[in-house]
Amino acid sequence: MPNWELKHCCKHEQIVFLATIGVCAVVILALWRTVLLLPFKLVTVFIHEASHAIACKLTCGHVEGIQVHADEGGTTQTRGGVYWFILPAGYLGSAFWGMVLVLASTKLLTARIAAGCLLVTLIVVLFVAKNWTLRGLCIGFVLFLAVVWILQETTKIKILRYIILFIGVMNSLFSVYDIYDDLISRRVHHSDAEKFAEVCPCPCTGVGWGIIWGLISFLFLCGATYLGLVILS
């Protein structure tokens with residue numbers, strides 16, 4: 001059985017890993033409301049909506065369309081499926097994929113695999129996107145990842161792992177921040193958590209579910225950091 005106990009810390013690669021996560025978090029929070037992060041924020045919105053779509057498919061529903069809007073909003077039109085499973089999948093799915101990307105960044109091979117999967121996903125979504133913001137996002141990020149990959153393979157600029165790590169941290173933080181923004185700093189009554197509170201028989205408000213989902217999302221990031229240190233040990 002695999003041993004997930006962290007026995008050795010902190011070697012050079014582990015220090016670089018922790019420092020990079022810290023730098024990514026500071027940069028993301030400092031530049032959150034600037035246009036510089038807009039393309040990355042739209043990618044996280046896309047992953048959020050794609051997670052809804054995956055949950056719909058897993059529960060035998062039909063995905064009628066996905067949209068990502070320039071104002072950082074997004075919608076996923078579904079028919080059928082298990083509604084109470086689809087609703088939390090956006091936030092929790094975004095946090096889960098953030099964890100996967102953070103872990104993938106620990107090795108060049110897994111970073112390549114993650115970048116390849118993201119490229120294929122964006123190309124597929126390009127042909128089923130329902131609005132031009134999402135189409136433009138797909139085209140732009142395909143070109144961006146292609147350039148990063150070429151630089152990785154042909155020059156001394158080895159940044160693929162750091163780009164994958166940045167996107168992973170972005171997804172993790174976006175999930176937590178979006179829950180806070182929708183449910184605490186300003187009450188959005190059509191948020192996923194508010195809708196979930198309406199269909200779930202549990203006596204919990206939308207804010208309550210948002211806090212629960214936010215804690216789970218933060219734990220995903222903590223878990224990714226710990227497991228990344230284990231992998232690098």
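Just so it is clear, glycine is given a Cβ too, placed from its N, Cα and C backbone atoms.
Annotated features in TrEMBL:
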type: TRANSMEM; residues: 15-32; note: transmembrane segment
type: TRANSMEM; residues: 82-102; note: transmembrane segment
type: TRANSMEM; residues: 109-128; note: transmembrane segment
type: TRANSMEM; residues: 134-152; note: transmembrane segment
type: TRANSMEM; residues: 159-180; note: transmembrane segment
type: TRANSMEM; residues: 211-232; note: transmembrane segment
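Pairs of Cβ atoms less than 8 Å apart link the transmembrane segment (82-102) most often to 159-180, out of 109-128, 134-152, 159-180. For the transmembrane segment (15-32), the neighbouring stretch richest in Cβ pairs under 8 Å, chosen from 109-128, 134-152, 159-180, 211-232, is 159-180.
Long-range contacts of the transmembrane segment (211-232) within the same chain, counting only residues at least 6 positions beyond its ends with a Cβ under 8 Å from a Cβ of the stretch, are 4-6, 9-11, 13-14, 17-18, 21, 88, 91-92, 94-96, 98-99, 102-103, 105-107, 168-169, 172-173, 175-176, 179-180, 183, 193, 204. Tertiary proximity for the transmembrane segment (109-128) is limited to same-chain residues at least six positions away from its ends with a CB under 8 Å from its CB atoms, namely 46, 50, 65-66, 100-101, 103, 134-135, 137-139, 141-142, 145-146, 148-149, 160-161, 163-164, 167.
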